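Asker: Not my notes, these are from TrEMBL:
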- 74-78, 86, 118-122, 144, 150, 247, 262: substrate binding site (BINDING)
- 86: site 'Important for catalysis' (SITE)
- 143, 144, 145: hydrogencarbonate binding site (BINDING)
- 247: site 'Important for catalysis' (SITE)
Ligand code: S0N
């Protein structure tokens with residue numbers, strides 16, 4: 001489907017597209033012939049693009065999606081699944097999608113899954129770990145692990161259970177059924193369902209709303225939502241943001257300046273809030 005937005009290609013990749021428009025970075029899996037199943041290379045490219053989006057100061061929101069309108073992502077490419085992971089040109093088996101999941105959670109900007117068609121297996125987990133999911137009416141969701149000899153006991157199980165509840169998450173994994181967009185909306189698995197032809201427009205409208213908001217407030221909220229679930233690693237992320245804010249203060253700069261100027265710091269002038 002033609003986009004009405006003038007997406008600028010930031011970098012050419014083999015298995016994904018990475019583009020930018022108006023504060024939004026779009027990472028799109030470009031393997032529609034296999035419903036956007038991922039190989040180690042797909043994941044490596046997505047990972048690099050996610051890092052580029054993180055470092056790009058123009059980017060406030062990231063969209064994760066798949067090309068073709070028939071699939072968001074159908075998980076790991078079963079044709080290259082080898083002994084201990086997915087095998088790329090270097091013949092090394094990898095489960096590198098787990099690192100990408102962490103990146104999606106850690107990037108201090110909202111990540112929106114724009115889901116048309118299949119979001120299945122490891123592809124389903126990718127949308128689950130995104131901050132928000134907007135689905136087209138043709139979207140279909142599900143896990144296939146126990147059917148095809150795999151499982152994701154990390155975010156794919158525990159975070160899914162936080163999103164839809166324990167009973168529903170167990171049903172999704174144990175039965176390997178497929179759920180339509182309305183089912184997904186009802187169980188809180190997606191934020192909104194729209195006709196396919198409105199998917200990109202609605203996603204961009206949601207992005208525009210977030211881009212109007214305070215980036216620091218969104219950043220703090222994302223790390224706060226994560227902290228509640230991620231234990232010590234979550235606290236580290238939230239605390240890192242607290243340090244960032246403290247570094248911006250005159251009080252913290254006084255400590256730095258005093259050290260550089262080889263004098264005693266004067267912290268007395270800073271307020272001691274009740
Ligand atoms: C999505 C399904 C239900 C769509 O069915 P439909 O519409 O009948 O289309 P098909 O004819 O089946 O598919 C069209 C073509 O696309 C190929 N294809 C589809 N999915 C894949 C895939 N995942 N890998 C390779 N090829 C795929 C079809 O073969 C077909 O090709 P042609 O036309 O040549 O015949 C249906 O396609 C389906 O069920 N797909 C498989 C879904 C699946 O089981 N995915 C894998 C699930 N497992 C994972 O994702 C692993 C999870 C994971 O990655 C992970 C988790 C935790 C820890 C580590 C890992 C890790 O492994 O990295």
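Cβ atoms are placed via backbone N, Cα and C, with glycine included.
Note: TrEMBL annotation is automatic and uncurated.
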Asker: Less than 6 Å between Cβ and the nearest atom of ligand 1 is the rule; apply it to the binding-site residues 74, 120, 143, 144, 262.
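Answerer: The ones that qualify, in sequence order, are 74, 120, 144.
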Asker: Residues other than 143, 144, 145 within 8 Å, Cβ to Cβ centroid, of the hydrogencarbonate site?
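Answerer: The answer, listed by sequence position, is 75, 120, 121, 124, 142, 146, 147, 148, 150, 151, 152, 173, 176.
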Asker: Please work out which residue of 74, 78, 143, 144, 150 has the most C-beta neighbours within 10 angstroms of its C-beta, and give that one of the binding-site residues.
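Answerer: Per the Cβ count within 10 Å, the most buried is 143.
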Asker: Within 10 Å of the Cβ of residue 86 (site 'Important for catalysis'), how many other Cβ atoms are there?
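Answerer: The Cβ of residue 86 (site 'Important for catalysis') has 25 Cβ neighbours within 10 Å.
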Asker: Work out how many Å separate residue 74 (substrate binding site) and residue 86 (site 'Important for catalysis') at their Cα atoms, rounded off.
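Answerer: Computed Cα spacing between residue 74 (substrate binding site) and residue 86 (site 'Important for catalysis') is 14 Å.
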Asker: Give me the CA-CA distance between residue 262 (substrate binding site) and residue 247 (site 'Important for catalysis'), in Å, as a whole number.
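Answerer: Cα of residue 262 (substrate binding site) to Cα of residue 247 (site 'Important for catalysis') measures 19 Å after rounding.
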Asker: Does DSSP put residue 150 (substrate binding site) in a helix, in a strand, or in coil?
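Answerer: Once the DSSP labels are grouped into three classes, residue 150 (substrate binding site) ends up as coil.
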Asker: Starting from residue 144 (hydrogencarbonate binding site), work out which of the recorded positions listed here (86, 118, 247) have their Cα within 10 Å, and give them in sequence order.
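Answerer: Checking Cα-Cα distances against residue 144 (hydrogencarbonate binding site), none of the recorded positions falls within 10 Å.
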Asker: Among the recorded positions 86, 143, 247, whose Cα is within 10 A of the Cα of residue 120 (substrate binding site)?
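Answerer: Near residue 120 (substrate binding site), where near means Cα within 10 Å, the recorded positions are 143.
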Asker: Residue 76 (substrate binding site): which of the recorded positions 86, 143, 247 have a C-alpha within 10 angstroms of it?
Answerer: 86
